[in-house]
Structures are given as structure tokens and as C-alpha cells.
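Q: Sharing a structure below in C-alpha cells format, with a few things to ask.
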Amino acid sequence: MSRSHSHSVATKDTGRAGRQRLKSTNIKKIDCVCLHFAQWTVTFSKRAFYLHLLLWLLLLVASLFTLMQGSVAISFGDFWLLCQGAGQSAHQLLVWDIRWPRLLAGVLTGVALAAAGTLLQQITQNRLSSPEVLGVNEGATFLLLLGLLLSPLNILGPWWLAPLGAVLVGIILAFLAGGIGGRGYQILLVGVALAYFTRALNDLVISRATAQHASAVHSWTLGNLANSDYTELMPASLLLMLCLVSAFGVAWHLRLFKFTEPHVQSLGVNVRQVQFMALALALVMAGLGVGIGGPISFVAIAAPILISRWLPPHVLGLGNSCLLGGILVIVADTLGRIVLAPNEIPVGVVTSLLGGPFLLWVLLQEKEVKR
């Protein structure tokens with residue numbers, strides 16, 4: 001059972017004239033729920049729990065909408081018949097063989113990118129840290145495109161090359177920046193420089209491909225879920241689930257990173273070990289997101305920031321960020337399919353259009369906080 005208390009605390013505020021006056025500040029304790037299981041006690045925020053339920057509902061609504069809408073719209077009655085195994089064969093092919101894999105790919109991509117962004121922002125304690133800003137997405141894209149150049153019979157290289165490329169770029173980034181932790185902008189500057197370099201390498205690989213492959217690859221580098229199939233989604237989803245389980249375990253310690261490093265160490269946390277594990281998981285999940293849906297921007301940086309504004313400071317919100325990431329990707333993909341139907345706008349283009357104003361908003365918010 002939880003209770004909310006509010007009380008007033010008197011603090012001294014010294015003015016320029018040297019006079020002291022009492023300043024009353026209202027402090028409201030955060031509602032929490034405690035569950036006891038034998039020797040274990042689990043505490044969670046009620047606000048985070050309600051937000052979690054709301055995001056699941058929004059994900060369900062967005063999923064139904066993306067399955068029914070597109071260049072060929074399907075009514076709810078026809079969709080209900082399809083769920084019962086009836087309906088037109090053309091609709092069955094469209095929904096279960098084309099739109100359903102695309103929906104799964106969108107959710108997996110959004111979850112992977114949002115989880116990676118959440119971990120990176122917690123490690124660096126910088127809200128601008130994300131796979132696309134640090135060059136991780138570009139590194140994952142480079143190794144995947146390199147697989148194309150070495151194996152021209154495939155339109156793209158194996159999906160597992162993307163996580164490997166992300167890990168390689170992460171190692172280079174940590175080496176050049178002198179470590180991945182810290183609270184400065186050095187890691188961001190090195191990441192931006194690395195992103196420019198790897199993007200140039202990607203353009204070089206595309207220029208070496210044949211005309212047919214270059215067109216397909218260019219479409220994929222914009223972020224495209226159109227060619228999703230179960231052969232890639234199944235192994236990628238299993239690896240993502242393993243990473244998420246490990247990430248939730250690391251998240252318990254990452255919540256303490258809001259304090260200084262000596263303070264965290266005094267609580268018995270091995271800071272370097274937690275940073276290493278969180279970084280490795282973030283790199284692999286960012287690579288998985290790129291391998292499934294392409295280098296989609298905006299999601300990894302937006303989902304954690306939005307969730308952090310809706311939750312108490314002590315709540316990491318990893319699960320909620322993952323849900324919001326999945327929602328953002330499938331909503332962007334649906335908009336790309338219906339705005340100019342029957343033509344499509346790549347999902348990465350839609351998210352980039354949203355990402356520019358959002359990044360500007362974040363920078364303005366940071367400026368207001370410093371004031």
C-alpha cells in the first residue's frame with residue numbers, strides 16, 4: 001500500500017545585501033508500490049506502471065492500424081475474418097505475408113534502437129548520446145554493406161554483420177575518447193567525427209556496387225522495412241531477447257549513475273564493469289536495429305528522453321523506452337505508406353523529418369536548464 005506525503009522544508013536563501021530570509025519549498029514524495037516475495041522486496045513507481053500499460057495499449061492500436069492501412073485498406077470486419085482464418089485470399093497474403101513481417105520488423109527495430117539509446121545515455125549521462133550521433137549506426141551499416149561488396153550475389157550481407165560492425169566502431173570510439181564514461185562532450189565530438197568517416201566509407205562501398213544493387217542498397221540505407229522476412233527476424237529476435245534480459249539486469253545499477261563515480265563505488269557497484277556490460281549490450285542492440293530495419297535515426301535519442309520527462313528521476317524506464325521505440329517506428333512506417341500512397345516514403349526519411357526539430361528542442365531545453 002502506498003501513500004503520498006507533502007511537507008514544507010525551510011531553507012536559508014542569502015541575498016546580495018547579506019540579508020537572510022526563509023524560503024519555503026514544497027517537496028512531494030513519489031508514490032511507490034512495494035511487493036514482498038519471501039526475502040525479496042520489489043519496489044516500482046505507480047506512474048511508470050500506468051505509463052507501461054498505456055504504451056502497451058498504444059502499441060496494440062498502432063499495430064492494428066498498420067495491418068489494416070496502406071495502399072490497399074482493409075476494413076475492421078474483413079480483418080476480423082482474417083483473424084478467424086477466413087476472408088479473401090488476397091487479403092490473407094497481404095496481411096500475413098507482407099504487412100505482418102513488416103510490423104514485427106518495425107517493432108524489433110524500434111525496441112532495439114530505443115534500448116541502445118537508453119543505455120548509452122545512462123552510461124555517458126548525456127541526453128544527446130545515441131547510436132546515430134556516436135557513429136555506431138554508420139559502423140553497423142558499413143560492415144553490412146561490405147558484406148554486399150564481398151558477396152555480390154546477395155542484395156545485402158548477412159544481418160549479423162551489423163552488430164559486429166557496431167561493436168567494432170564502439171571499440172574505436174572508446175579508445176579515441178579515452179573511455180566511454182564521463183559527463184563531458186568529448187565522447188560526442190569523437191562520435192560525430194567517426195560518424196562522418198564511416199558515412200564516407202558507406203558511400204564508397206555503394207559506389208563500388210552494381211547499378212541494380214546500388215539502387216536497392218540506397219533504399220535500405222534510408223531505413224526500409226519493405227523486404228522483411230521471417231528467416232532474418234527469427235534469429236535476430238532471439239538475440240534481441242537475450243540482450244534485453246541482460247540489459248534489465250544492468251539497468252538496476254545504471255540508475256545510480258546519476259551520482260558521481262566515487263559515490264556509486266561507495267555503494268558497492270563496480271562502475272567499470274557495469275559500463276562495459278551496458279556498452280556491449282547497447283552496441284549489439286543498435287547493430288540489431290540496423291540489421292533489421294536499416295540505419296533509422298531519431299528513435300534511439302527520442303524514446304529515452306520522452307520517457308524520462310514522464311517518469312520520476314529515480315526510474316530508468318528501459319521497458320517503457322522500448323515500447324515507445326516500437327510505437328515510433330511502426331507509426332512512422334505507416335505514415336510513409338499512406339501519405340503518398342501507392343508510393344512509399346522510407347521509414348528512415350519520416351523519422352529524420354521528425355528528428356531534426358526534436359534535436360533542436362532538446363538543445364533548447366538544455367540551454368534553459370543551464371540558465
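Numbers run from 1 along the shown chain.
For all residues, glycine too, the Cβ spot is worked out from N, Cα and C.
TrEMBL labels come from automatic prediction, so no person has curated them.
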Q: For which of the residue intervals 15-39, 315-339 does TrEMBL record transmembrane segment?
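A: It is 315-339 that TrEMBL annotates as transmembrane segment.
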Q: Do you know which of 205-224, 345-364 TrEMBL annotates as transmembrane segment?
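A: It is 345-364 that TrEMBL annotates as transmembrane segment.
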Q: State the non-local partners of the transmembrane segment (133-153) in its own chain: residues 6+ outside its ends, Cβ under 8 Å from one of its Cβ atoms.
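A: 116, 120, 159, 161-166, 168-170, 172-173, 187-188, 191-199, 201-202, 205-206, 208-210, 213, 217, 221, 282-283, 286-287, 289-291, 294-295, 297, 301.
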Q: Look over the recorded stretches 233-254, 274-303, 315-339 and say which has the most C-beta pairs under 8 A to the transmembrane segment (103-121).
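A: By Cβ pairs under 8 Å, 274-303 leads among 233-254, 274-303, 315-339.
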Q: Using a Cβ-Cβ cut-off of under 8 Å, list the residues of the same chain that are 6+ residues beyond the ends of the transmembrane segment (159-180) and lie near it.
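A: For the transmembrane segment (159-180), the nonlocal Cβ contacts are 123-124, 131, 134-144, 146-147, 186-187, 190-191, 194, 198, 232, 235-236, 239, 275, 279-280, 282-284, 286-288, 290-292.
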Q: Applying the under-8 angstroms CB criterion, which one of 49-68, 274-303, 315-339, 345-364 scores highest with the transmembrane segment (233-254)?
A: 274-303
Q: Take a look at 274-303, 315-339, 345-364 and tell me which one has the most Cβ pairs under 8 Å to the transmembrane segment (49-68).
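A: If we count Cβ pairs closer than 8 Å to the transmembrane segment (49-68), 315-339 scores highest.
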